[in-house]
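Okay, structure first, notes after.
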Amino acid sequence: MEKFTTLHSTAIPLEIENIDTDQIIPARFLKATDKQGFGDNAFRDWRFDKQGNINEAFALNNPKYHGSILVAGDNFGCGSSREHAAWALAGYGFKVIVSSFFADIFKGNALNNGLLPLQVSEGFLKDLFEVIKTNPETVLTVNLEAQTLTVDGSNLQTDFDIDPYKKTCMINGYDDIDYLLSKKEQIEAFELSR
Amino acid sequence: MGKTLFDKVWDAHVVDSIENGPQILYIDKHLIHEVTSPQAFNELEERNIPIFRPNQIVATADHNTPTQNQHLPVRDELSRNQLKQLAENCDKNNITLYGLGHKYNGIVHVMAPELGITQPGMTMVCGDSHTSTHGAFGTIAFGIGTSQVAQVFASQCLLLTKPKSLRVSVNGTLKPGVLPKDVILYIISKIGTNAGTGYFCEYAGDVFENMSMEGRMTVCNMSIEMGARGGMIAPDETTFAYVKGKEFAPQGEAFEKAVAYWKTLPTDADATFDKEYTFDAEDIEPMVTYGTNPGMGIKINAKIPDLSDASFEKSLEYMDFKKGELMLNKPINYVFIGSCTNSRIEDFRVAANYIKGKQKAPNVTAWLVPGSKQVESQIEEEGLKTVFEAAGFELRQPGCSACLAMNDDKIPEGEYCVSTSNRNFEGRQGQGARTILASPLVAAATAVEGKIVDVTKALSLEEELI
Ligand code: SF4
């Protein structure tokens with residue numbers, strides 16, 4: 001897993017609530033047996049119509065917006081447990097997803113892939129959408145060590161929560177398998193004790 | 001202070017707790033399928049890590065399988081490749097696979113309970129969000145991502161933070177024509193699609209106590225649709241009777257010993273929950289959804305609400321419905337009875353009971369897809385197949401099918417499908433398809449009438465005729 005400490009980037013606003021993982025990566029693209037290429041099909045049916053024409057109205061296709069932060073509406077990542085959603089977003093180039101609420105499984109999947117799900121208050125999210133829409137070149141700074149999200153050149157700033165264990169993993173690029181393997185003896189002892 | 005059912009099962013599986021961090025939870029059973037496992041197998045292989053406990057893993061092929069001509073090679077190359085990889089991975093690692101055509105093959109959440117793989121008091125995981133289904137047995141069962149599939153492969157454990165506790169109680173007696181599916185659609189319509197996020201839910205009260213195991217599975221199945229990681233129902237005599245004698249259940253003395261332990265699991269009277277909801281069974285009617293998430297459900301004879309927020313409007317636009325409109329009498333061309341929510345024998349009995357002596361409406365394409373090979377045989381043995389065929393219905397072979405439309409079973413763009421599955425997301429049943437979630441009874445009635453009808457009225461009319 002790649003290490004994550006700080007990120008400065010512009011952001012893409014996706015002002016839609018309840019974005020489910022079927023939208024992030026439709027089921028018909030789940031036939032691959034590796035993790036490559038999902039980025040090409042991220043939000044496939046919102047980015048393109050059935051004939052494959054670009055949907056100009058969709059935020060990801062708007063040339064005004066770019067960057068590796070996605071700012072999305074409430075309850076992001078609900079629905080299917082498919083980790084392909086996290087691979088698709090990371091593959092598309094996102095490093096941070098900001099929302100006022102994340103579905104549980106998606107949150108875990110994102111963290112396991114070095115993609116930071118950053119939860120802010122509903123009020124802050126609203127302000128964030130406003131500043132990005134007013135000036136798409138606005139740069140945001142995410143500081144994982146300090147657990148802060150700052151809108152550069154303004155006094156907009158917020159703290160965010162992250163599980164301390166997960167934070168350490170992201171900063172150091174460790175994953176859970178490394179940790180669990182180091183506990184093998186204890187796991188075997190547990191099995192014997194039952 | 002007393003413990004909840006969830007606490008008891010969870011605490012019995014904690015290997016260790018990290019200070020200020022998650023706990024190491026031991027997993028008894030790991031179910032896998034073709035779509036979410038290949039990358040986990042690859043990861044272990046790349047890192048040269050062996051599978052820790054292959055005999056605690058059971059594999060099936062379900063998501064990506066055809067529901068016709070299963071004896072022939074799978075036509076779609078990518079699907080065929082995915083199935084082949086699963087078979088190779090299982091073979092290499094000594095994992096039991098019930099592949100396509102095997103007598104135990106089926107949707108993972110249908111085949112495991114019917115084989116007795118699912119047992120009370122266990123921890124179970126699968127790379128599929130509807131793993132919550134197994135909670136019907138008083139099991140902690142939940143969906144995981146592929147990284148976690150790899151973790152369980154490597155260590156038979158997961159790093160998890162204990163979720164908060166939620167209890168949903170429904171008391172009283174359900175009206176005729178109101179099925180377990182209606183109960184869960186009603187609950188989600190009341191509390192919303194993220195009321196359960198961060199929680200593990202216990203369903204309690206008369207309604208669940210009096211429900212069959214299959215009905216309990218339907219309810220627990222949809223726990224994830226209210227955001228909860230899983231749902232559970234306390235094991236009782238109904239549970240023990242269901243598990244008894246199943247292929248992989250403990251037998252004889254071992255079974256009696258297990259039952260003695262299972263009886264200690266129900267929530268203590270003085271235990272408390274972080275959040276509670278209580279509903280009256282009498283308030284529940286047959287339900288349908290009108291929008292693009294499972295929380296957008298109404299009583300079948302109610303009007304679509306008149307709300308004015310952007311998400312709501314986007315949803316209605318996708319469905320091509322209007323605020324204040326009735327769902328009754330909407331013409332419907334597709335009906336799907338299947339999925340891990342409603343593809344068990346009781347679901348097909350309910351449907352056959354309604355369909356018997358009637359004909360499918362000519363405008364309707366109806367797919368009846370059993371959840372497993374065993375359900376498929378039961379349908380035949382009980383004579384239901386004859387009923388369906390006489391009424392002009394097509395019975396297909398087991399699999400996830402039109403629930404997620406990964407195979408050829410797709411609903412065409414713009415068409416409505418009354419479906420017994422669990423998700424009405426945009427494009428879930430095919431690009432541009434419009435899904436209306438309902439019980440198998442409502443689905444059967446829709447197929448016969450070619451439109452949405454009030455099943456309670458239809459049922460009482462029939463009773464008068466008798
Ligand atoms: S039937 Fe549908 S919900 Fe159930 S496991 Fe298959 S795809 Fe998932």
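Cβ atoms are placed via backbone N, Cα and C, with glycine included.
Remember, predicted model here, so these are calculated numbers, not experimental data.
According to TrEMBL, B:C400, B:C403 bind [4Fe-4S] cluster; the candidate from B:C220, B:C340 that the record adds to this site is B:C340. By a simple count of nearby Cβ atoms, those within 10 Å, the most crowded of the binding-site residues B:C340, B:C400, B:C403 is B:C400. Close to the recorded [4Fe-4S] cluster site, the chain also has B:D62, B:H63, B:I107, B:H109, B:H130, B:G338, B:S339, B:T341, B:S343, B:G371, B:G399, B:S401, B:L404, B:S421, B:N422: residues not among B:C340, B:C400, B:C403 whose Cβ is within 8 Å of the site's Cβ mean position.
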